[in-house]
Amino acid sequence: MSLSARFIASICLSAFAVIATSTPMKRALADPLVVDLSNHLVAITTGFTGTDVLLFGAVQNEGDVIVTVRGPDQDMVVRRKERKVGIWVNAESARYKNVPAYYASASNRPMDIIAPQNILQDYRIGLDNQRFIAVSDNPDADQKVYRDALVRNMQNAGLFNQRPAKISFLSNQLFRTDIHFPANTPTGTYTINVYLIRDGRIASVKTTPLVVSKTGVSAEVYEFAHRYSALYGIIAVIIAVIAGWIASVAFRKR
Amino acid sequence: MQIYLPIAEISVNIFLILGLGGGVGFLSGLFGVGGGFLITPLLIFYGIPPAVSVATAANQIVASSVSGVFAHWRRGNVDIKMGLVLLAGGIVGSTVGVWVFAWLRSLGQIDLVISLCYVIFLGIIGGMMLLEATRAIFRTRRKGPIRRSKKHQHSFIHGLPFKMRFYRSGLYISALLPLAVGFFVGMLTALMGVGGGFVMVPAMIYLLGMPTGVVIGTSLFQIIFVTANVTFLQSVQTQTVDVALAILLLIGGVIGAQFGAQFGARLKAEHLRALLGLLVLSVCLKLLFDLVIEPDELYSIMPGDL
């Protein structure tokens, strides 16, 4: 399935290449930055084990490109374990608002070379520049430690990328990068921002949405479990009773 | 082959889960136990969220108890009146338990409480089982006389009010006792995702004084309804029952149990009990070890909208 998507994407990309290389001499591209995805929908099906989405685009003149992918915001609680009476128990905690459920970034060269720090900060590009709003139960808690722990846990879960991915330029104008979505990718609407940077300034920004949603049987089960939870519980019990009954009949001792 | 679990929201290896159900089913057939106390920790070790493991195990135990109860029912080994009184306590206990579960979860302490409950109960039960079985093994070797306790010992228990007559068990005892046992076991079902047979069976024999012949059938009868209640309440309150996971587990479990029962018929009863005691103790030690050893990552995260 993702193979065919990739195939279509590569056709798009080559078509793109033909247009991009044949026209610029006569007429400058109206847009300095054009971007698209191989797929605007990541479908979590019963067999979902993670997937890659190809992001590709073209820039009018030479420049550097940064891509950020941000999942839906959610509240997060970070808990710290302490040893109490010999065992490790959750003790202090810190709470953060607007933590993206997924965050990834990519660039063609190291970001700190492409753009000055204040630009990256203003546009909140990169993990270090994400501002999580602390609504701590515990104002004394060392915020830096908790924030680092939050990022580290998300990275270990594969939901924040460890380091920015690589954007490769096929020519001076065409670029592509793969965005990886692991098996535990949260559902929701994602925002993909593509920044074109020239001389340390942002020359253009393109924003494109990406929807991650469950489809097929697993989506229906989840939806049903949350919307009609009482009925779901009754059905779960009935299935178990029938299964147990079938087993006792099938294996009845003669 | 991977399958994405709709409620647990992770993808698991379908054969591994079938094998897990089969392995635990084999052991439950071998030892004649429900196996809930093994399946829940194993699911947690595998990486299924503890809340989903506990709620789904309850759902799976409904199936295994139903398949077990028919044989006892046909032989008349179910004391329905006793079962209903136990059940009344069990329904209240499990309802309170589900509520406590949700409350502990919001405090971030549910994983700890689940682990601690397991360490305490598995430690006590496993230790007692092993001790008793080793004694039995040595006793049969020496061919000594088996000491028998008097059937009708009178203690404070017989002074309690609300006495009821249980004809099938031949008992005339206070209804408060089975109510309390049912309540306690119901709490365990909600908190630990176990049927609670491993607590209820000794309690019925030693505390209530029921004849051993009706104990298993009656406890299975009661477990069906209590685990069904937990499945329903967890579905409504926490939406953590994963039907897909439960079906995979019970397919493996049902098949495994048949092989276990056949294999178990070839072993001596006290050897079986000693082996089960060892197994229970090793699960207990593994959980205790995880609690005591300093974890690699001291911090944990959880989405929360409180």
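Keep in mind that glycine also has a Cβ here, set from the backbone N, Cα and C atoms.
Ranges compared are B:51-71, B:135-155, and TrEMBL records transmembrane segment for B:51-71. Below 8 A, the CB atoms of the transmembrane segment (B:110-131) and the transmembrane segment (B:12-45) form 3+ pairs separated by six or more positions in the chain. The stretch in closest packing with the transmembrane segment (B:51-71), judged by the count of Cβ pairs under 8 Å and taken from B:12-45, B:83-104, B:171-192, B:204-228, B:240-260, is B:240-260. For the transmembrane segment (B:171-192), the residues of the chain that approach it from at least six positions outside its boundaries are 36-37, 40, 54, 58, 82, 85-98, 100-101, 113-114, 117-118, 121, 157-158, 160-165, 199-200, 203-204, 207-210, 222-223, 226-227, 229-230, 233-234, judged by C-beta separation under 8 angstroms. Listed as Cβ neighbours of the transmembrane segment (B:12-45) (distance under 8 Å, sequence separation of 6 or more from its ends, same chain) are residues 1-3, 5, 52-54, 56-58, 60-61, 64-65, 114, 118, 121-122, 192-198, 216, 223, 245, 248-264, 267, 272-273, 275-276, 279-280, 283, 286-287.
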